[in-house]
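Student: These came from TrEMBL, pasted as-is:
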type: TRANSMEM; residues: 19-40; note: transmembrane segment
type: TRANSMEM; residues: 46-63; note: transmembrane segment
type: TRANSMEM; residues: 96-112; note: transmembrane segment
type: TRANSMEM; residues: 124-142; note: transmembrane segment
type: TRANSMEM; residues: 154-177; note: transmembrane segment
type: TRANSMEM; residues: 183-203; note: transmembrane segment
type: TRANSMEM; residues: 234-255; note: transmembrane segment
type: TRANSMEM; residues: 261-285; note: transmembrane segment
type: TRANSMEM; residues: 306-330; note: transmembrane segment
type: TRANSMEM; residues: 336-355; note: transmembrane segment
type: TRANSMEM; residues: 376-394; note: transmembrane segment
type: TRANSMEM; residues: 400-419; note: transmembrane segment
Amino acid sequence: MNTAVSHEPARLHPAADTVFRLIGVALQIAATLALAHTLTIGDTGLFFQGFVVTIAGATFMRAKFDLYISRHIVGRLERETGLSTADVLQVLGRRFMTRCCIICAVLLVIAADLDVTSQYLKPYLQTFVPFVIALPLAGYATMISSAMRAANRWLQSLACTAYAMNSAVLLAVLLAPQPTLQLFSWTFLVGSALGAALAYGFARQQFGKPGQTADHCARQKAWKAINRSIHDDAAIGLANTALTWGPLCLLVVLAPSSEMALYAISTRTAQLLIYVMPAIAHLVAPRHDRELELLGGRHGRAALRLSLGGLAIPSIIVAVALVASARWSLAQYGEAYEAGFAVYLVLILAEGFGATIRPLFRYRAANWDATIARQTLYAASATAIVICLAGVAIQPALAAAVAFLAGQIVAAAMGLRALQRPEATSMSSTR
């Protein structure tokens with residue numbers, strides 16, 4: 001079997017990286033302000049309910065594919081399989097897109113039938129049909145975004161999701177001084193199309209063009225092993241997705257739309273940490289980057305310790321700044337959003353903690369053990385869902401935020417506990 005050759009483009013210069021991150025911060029803040037100031041809190045919640053259903057639905061559909069793709073990239077399995085990452089993305093992407101298109105077509109037929117038989121649903125259908133049409137496009141964009149995160153290309157990952165969507169929202173505001181919920185729904189479709197186009201370009205740039213690097217028999221043998229691995233680890237992929245999206249799906253189903261608005265506006269503001277933290281890390285811990293380069297990209301415990309240490313201080317710095325300005329930040333969105341103060345604080349902690357422990361999950365993906373992954377993600381996702389169910393009737397948005405944080409803490413605790421095993425057998429999952 002021939003060995004696939006990886007396609008590794010040069011990284012952005014730190015100054016250029018910082019500039020693009022600042023642009024991302026500006027887009028994120030401007031789009032969030034536009035939504036909060038233009039729509040009522042109820043309509044804002046409806047928009048984000050459609051957003052969550054579309055993105056979460058696509059993520060659950062490809063959960064087992066995402067898990068394998070992450071392992072293939074982080075664990076450098078192209079050497080073992082003889083299949084390049086571009087080949088794997090092409091085949092699994094086609095499978096996923098076929099499923100998306102079938103489900104999208106079925107939902108559109110149902111919507112058309114309801115539009116005729118249930119006229120009172122027409123306003124809701126006009127709002128949510130664009131989200132249905134966007135399913136394949138948003139699904140592809142987020143699939144490539146996940147692959148980019150696995151390849152440690154976080155800026156490109158954000159560009160084909162958050163950058164594209166935020167730009168589309170701002171475009172709607174520029175074109176219509178008082179955009180409606182329905183217009184923002186179609187804006188989501190435009191943003192999804194833009195994100196899919198960017199994702200395709202980034203995938204080609206990062207992973208190269210698909211090409212048959214092995215003979216037919218070798219490819220068949222490799223895909224047989226890959227399909228078996230995908231099937232065996234499917235439940236792990238679903239648990240991994242439930243850890244992130246489970247509480248939000250419960251919030252959509254069990255809480256009023258205003259609670260989704262509080263959560264969405266808070267989390268979008270807390271996510272500024274994701275943009276800013278890497279730039280701060282370059283300033284306060286440049287030594288860690290140099291030492292990681294000396295390790296040659298290996299995913300051993302020495303690299304893990306360096307990565308965790310290099311991210312902890314920058315995450316704390318940004319989190320403290322966000323907490324200190326929390327009341328002022330929420331006040332910019334309007335009086336209705338000041339009620340989300342506690343939600344915002346919890347989500348700042350969740351984003352900061354998640355950004356800090358990310359190297360642990362990369363280490364687990366590179367040093368894979370399905371048993372440890374299963375135990376870790378089953379426990380973490382169950383914790384998140386149970387906590388959300390317990391509190392959703394009392395404080396829905398806060399319950400979802402606490403559930404998200406608790407799930408990450410459980411996953412990190414169990415992942416760190418597994419480090420007590422010998423390094424040759426210590427592993428878990430990717431997030």
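Here the Cβ of each residue, glycine as well, is placed from N, Cα and C on the backbone.
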Student: Are the transmembrane segment (336-355) and the transmembrane segment (376-394) near each other by the rule of at least 3 C-beta pairs under 8 angstroms (pairs 6 or more apart)?
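Tutor: No, the stretches stay apart by this measure.
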Student: Go through the chain and flag residues at least 6 beyond the ends of the transmembrane segment (234-255) whose CB is under 8 A from any CB in it; none is fine as an answer.
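Tutor: Sequence-remote neighbours of the transmembrane segment (234-255) are 49, 52-53, 55-56, 59-60, 63-68, 263, 370, 373-374, 377-378, 380-381, 384-385, 387-389, 392-393, 396-397, 399-400, 403-404, 407-408, 411, 429-431.
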Student: By Cβ distance under 8 Å, which residues at least 6 away from the ends of the transmembrane segment (183-203) in the same chain are close to it?
Tutor: 35, 38-39, 47, 50-51, 54, 86, 89, 126-131, 133-134, 137-138, 140-141, 143-145, 147-148, 153, 156, 159-161, 163-169, 171-172, 176
Student: Could you check whether the transmembrane segment (19-40) packs against the transmembrane segment (154-177) - three or more CB pairs closer than 8 Å, residues at least 6 apart in sequence?
Tutor: yes
Student: Cβ under 8 Å to the transmembrane segment (46-63), counting only same-chain residues 6 or more beyond its ends: which ones?
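Tutor: For the transmembrane segment (46-63), the sequence-distant neighbours (Cβ-Cβ under 8 Å, at least 6 residues beyond its ends) are 35, 39, 92, 96, 99-100, 103, 127-128, 130-132, 134-135, 138-139, 142-143, 181, 184-185, 188, 234, 237-238, 240-241, 244-245, 248-249, 251-252, 257, 260-261, 263-264.
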Student: Counting only residues 6+ away from its ends, which parts of the chain sit with a Cβ under 8 Å from the transmembrane segment (154-177)?
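Tutor: That would be 12, 17, 20-21, 23-24, 27-28, 30-31, 34-35, 38, 141-142, 144-146, 148, 183-184, 187-188, 190-192, 194-196, 198-199, 202, 206, 271, 274-275, 278.
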Student: Near the transmembrane segment (306-330), which residues from the same chain, at least 6 beyond its ends, have a CB less than 8 A from one of its CBs?
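Tutor: Beyond its ends, the transmembrane segment (306-330) has Cβ neighbours at 265-266, 269-270, 272-273, 276-278, 280-281, 284-285, 288-289, 291-292, 295, 337-338, 340-341, 344-345, 348-349, 351-353, 355-360, 362.
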